Structures are given as C-alpha cells and as structure tokens.
Amino acid sequence: SRQQNQPQGHYGLTSPISLAPPSDKDHIHTQKLIEAMKPFGVFEDQEELYHRTTVLGKLNNFVREWISELAESKNLPPSITEQVGGKIFTFGSYRLGVHTKGSSDIDALCVAPSHVERSDFFQSFFEKLKNLEEVKNLRAIEDAYVPVIKFEFDGIEIDLVFAKLSLPTVSDDLDLRDDSCLKSLDIRCIRSLNGSRVTDEILRLVPNLENFRLTLRAVKLWAKRRGVYSNIMGFLGGVSWAMLVARICQLYPNALASTLVNKFFLIFSKWDWPKPVLLKRLEESFLNLPVWDPRVNPSDRYHVMPIITPAYPQQNSTYNVSVSTRAVMVEEFQRGLEVTDEILKGKSDWSKLFEPLNFFQKYKHYIVLTASAFTEEHHLNWIGLVESKIRVLVGNLERNEFITIAHVQPQSFPGNKDLYKQSGYVSMWFLGLVFKKAESAVKTNVDLTHGIQSFTDTVYRQASALNILKEGMKIEATYVKRKQLHYFLPAGTLQKRKKQRVSDISQNNSGLQCKRSSLGESCSDGSKDRDSRTPSNSSSLNKISKLDISTAETERLYVFEVVGGMWFLISWPNSKSQVSPTEMEATVALRTSGPPIGCTIPGYDTVCQLRTCFVQGQHKLSGTLITDPKSASPKQHYSPASK
C-alpha cells in the first residue's frame, strides 16, 4: 500500500530513498527535539482540543439548522427539507493535527446542497450569526479570491468558506475526495472545496502520520522563527510547508522526526528549482478543469518554486514566491542543514535551530514601508490591502538590475508614538536590500522610484476598485541604512551586533542617510475636489511626523514632504552641516507623473526619485532637480558628504 503511494518517473518522483529502521540514537534525538519545542507552545493541550471540538460541533448543528430553515423558506417538499443535511469540514493546521497551543483560529468549510446559493450564505447565514450571543467580531469578505466569513465563536476564531454541491442533500458520510463532487460547480466553490480536498490527500499520502505531524510542527516553528512563513508575502504558507514535509516522509518512510528534519534541509537545500515538488503524479479527469502543467500552460513555466497540490485540480501553492524570497528560503535551508548536522553529531542542541533571524542586522540597506489611516476601521482595511500587495513591491525591486535581493520581513510593526499621533493608525513593514557591488569607481545611479511608484499605483487602484479608499489613507516608502532603524522600530526590537565592521563605519559616515518619499499624502475618492485636500502653506507640515533625531548619532537625516505640489524640507540635520536648504533641493529629483486612473492623490504629480549612488562600493542617495523632464540638461550629482 505504501509503495503504491510512491509515484515513479514523473518530474523526478522516485521511490523511497531509505527504508532503514530508526536507531536508539534517533529516538534520543527525537525526544530532545520535542523538549526543545515545548517552550514555544507548539503542542495543544487536551482542554483546548476539547473546546475546539465542542465549538465545531455547535457550528455544524447551527449550519444544518440554517440549511433546513432555508429549504422551508424556499418551499421545498417536506420529504426533502427533513434530509437536506449540510456539513462542516475542517482543513489547514487543525485538520492536519498540528494545531498549536494558544492559536485559536480554525479553517472550516461549509458544504451545502444545491438549493443554497452563495448569496444565502453571505446574507441569511450572516444575519443568523449576528444573532448568536457566542459570535463576536463578525465580518464578511465576499470579494476575496476565496470568499470567507470571519468570526469568533465562543472565543475560537473561525474562517468559514462556502461551497454548494450539485446534490439535493448532503449526507454525514460525504467524501469530498471523490472528483465527482466538483461537477457543475463554479470556480469559487471549487477553490473552497480544494482546501479540504488537499489536506485530506496529504494525510492519505504520508506513510506515518505521527512522524509527519511531529516533523511538520518542527518545520513550521523553524519557518516562523526564521521569518519565512507567509504565503501572502511571497514565502510559504502552511499547506506548502506540509507538502514539503510530506514529500520527505515519502522518501524516508521509516525515519523519526529528528532524522526527517535533517533530511528536509538536506533535500531542499539542494533541490533543483524550479523542478516541482509533487506528492503524486499529475492525473487527468473527465471534468477538464485547468491544472498546473508547464507543458501545456506557458505561464506555469515562470513559477520559480512550484509545490503542487495533490488533489484535482492540481495547482501551484507557491504562486507568490519570487526570485528573492526563494533565495532567502534556500539560504535558510542551507543554514538548517548545517545546524541539524551539528546537532546529530552531538556538537549542538535543537534550540539553536529555532534561534530567530536577526533581520535588522542582516542587511546594510532597508526600505521602510508605512501604511497609515485616520481611523482604526479604515486602518484595518488599508493594511490588509497593502500587505497583500507587498510582494508586488518585492517583484518590482528585484527586477532592478542593481538589486540582487529584496527581502521583506513578514512581521509588521506599529509606528512610533510621534508618528501615531500625527497620522492616526500606523503599520510598518521592513524590506532588506542587497545591491550588486560596483565593478568600478564610476558612479552608478540606482533609481528606486519607478518600482515604488508602480507598487503604490497598484495599491491605490485596487483600493479604489474595492471602494475602500478613504481620506487619510497613505503609503510612505523610506530608504534607510541600518543605523537609522532605531528611529522606526519599537524599543528593544533591534538586537545589538557583536561587533561593527570597519566597512559599515565607513559607509555610515558618508552620503545622504535617509529620505522619506511620501507617495500619497491624502488619498481619497476622486469625486472630491483635489484642491480642498491639498495644503498650500507651511502649516500643513505638521501633518507628518518629525523624527526625534539625536545629533550625536545621526549627522544627516532628512525628511521631505510634498506641500502644494512642491517638496519641502521639514527636518534638518544638526548645525554642523554646511549645506543650505536651497542647495539641498539639488538632491531631490522631481518629475511629472499623473495619478492612477480613477484615483486622485494630492501631490502625486511630484514624485521623489530615490537613487542609490555607487562610488567605489559605497552607497549614497543622490539625484537631480528636474523641472521639465523633457528639456532638462544633465546636472552635477550632489552629495552632502562632499562638503
């Protein structure tokens, strides 16, 4: 039976690499791995498990009651009304059996018979939930890729998706693994069903569930600690990590978790991407639904890290992965291999594997992306949209010929207190940048403006299309060097370096250190009068946070703001600088640019061009003041450091 689950000769799929039984040492290492994971709360206690089971039982009965009432309201015959059924299926980490302590969210699927429409789910079912005392924080996201209703049921967070089948009744013994259940369904129902179908297929294809689950808990903990767990940011989500672990379990069916974790890093640090990872061979179906297949679909050939779902219709679960995020993950795979090799040799312990990534000391250059809004409700909608599009910014930046890595930290941070007071509700994300080394002493300008502006255009257009664009929603992109990060991050977030390299000191003492590019000061619906929302005098400068700059630590930190279509310097370095504000205008390159279609953004016709200048391996921001891009003549690049 196990051998039948090992596909042969397709996309490099092979039979098990090792069938050797575990040794006493393997058992000892696995027990030590379990002990190392316990402090992180990865194991759910029985009380929590019982509570979640109880909540799901209540929700299942509630769904059946609603479907029956709906059948009566639609005048279905009593013989059918009594048997319409309905059922809740779970998927994701809860269904896989790797739910963690204190993590209360559950992914669930509501399966209904043919008389129930999607509109019923988002209207009558939504209203019925409203009346339940146990339900809190109820909200519907009907326009999502997979439409969902989110709520808390007796303290348990539920993400509930919907699918109706082409069946008059839904029985308790319904098996969603049968492809025939997809017949005559719309794409949204198929996507909703796919979560449950994929999870069940993963569980069916692994040779040993206990070893699989323990290994997956370890890999998920490692991925979160190392900052590579986020599908929305272009890394891997839960189902992708589960499939990678399942593949290792297939290759080493008798191995214990400690060995499987080590083999996980061994295999995927050397994997020949973009060769896909599959748990079974691609299969055809009478339904003729679109599936992932680069032999047929040219667009599938551009996927850089394909991990293919095992349930029909097979899809790539890592569509969001970019060249940069793949490079970051491969680097982490290689580190994981080195660490686990040391552990298995007795030279280290498992806690080292779970040491957090020191992201804010990893790079010399960063972009701080800030999203702000005036109200908490608007802020939640705004950051959700911005976060979902950050991978677009990563893609834009990595296409720059001078950038080799654009690494986004999945965790967001609140704005500092001053920024919070000035801009309402603020969230920040950080992207680390690696630039190609200059091959000569010739200056090379790296223009980051186009990639950032293209990203903001995408966000504003999407917000306008979804009708969530409100007054006060703003995005800011700030280029900073490592030593400026403490101005943005909460106290205690930064980890101190063990030592500071000479090259870092040299770099930090030259060039323009920071420039804030405000790419959307006060974006609102285009039907409003633009001039009424665009400040025209210096009093509006109070709208932007003025950083608390210590002259002892920072010699040149500049903050600019667009006011009335012109850039104004609103925060100036210490008095030691000999550069006047008039001369400083030469470092800001302005160009004319129209606002996104359907979205009016005050001040958007002047966009700061961020440029990093390479001079013998050193990086600076520089630019030229261009009043008329078509007729402007080249000007001498200016750097405050030259004074």
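Using N, Cα and C of the backbone, Cβ positions are placed for all residues, glycine too.
Curation does not apply to TrEMBL; its annotations are automatic.
Going by TrEMBL, these are the annotated features:
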- 1-25: region 'Disordered' (REGION)
- 12-206: domain 'Poly(A) polymerase nucleotidyltransferase' (DOMAIN)
- D105, D107, D159: Mg(2+) 2 binding site (BINDING)
- 211-355: domain 'Poly(A) polymerase central' (DOMAIN)
- 227-246: transmembrane segment (TRANSMEM)
- 358-416: domain 'Poly(A) polymerase RNA-binding' (DOMAIN)
- 421-496: domain 'Poly(A) polymerase RNA-binding' (DOMAIN)
- 499-541: region 'Disordered' (REGION)
Specify all same-chain residues, apart from the site residues D105, D107, D159, whose Cβ lies within 8 angstroms of the center of the Cβ atoms of the Mg(2+) 2 site, ordered by sequence.
G92, Y94, I106, A108, K150, E157, I158, L160
Distant-in-sequence Cβ neighbours of D107 (Mg(2+) 2 binding site), under 8 Å, six or more positions away:
T90, F91, G92, S93, Y94, R95, D159, V161, G195
So which of the binding-site residues is most packed in, judged by how many other Cβ atoms lie within 10 Å of its Cβ, out of D105, D159?
D159
What mean pLDDT score does the domain 'Poly(A) polymerase RNA-binding' (358-416) have in the model?
91
In DSSP terms, the domain 'Poly(A) polymerase RNA-binding' (358-416) comprises 27 helix, 17 strand, 15 coil
With DSSP helix as H/G/I and strand as E/B, how many residues of the domain 'Poly(A) polymerase central' (211-355) fall in helix, strand and coil?
74 helix, 6 strand, 65 coil
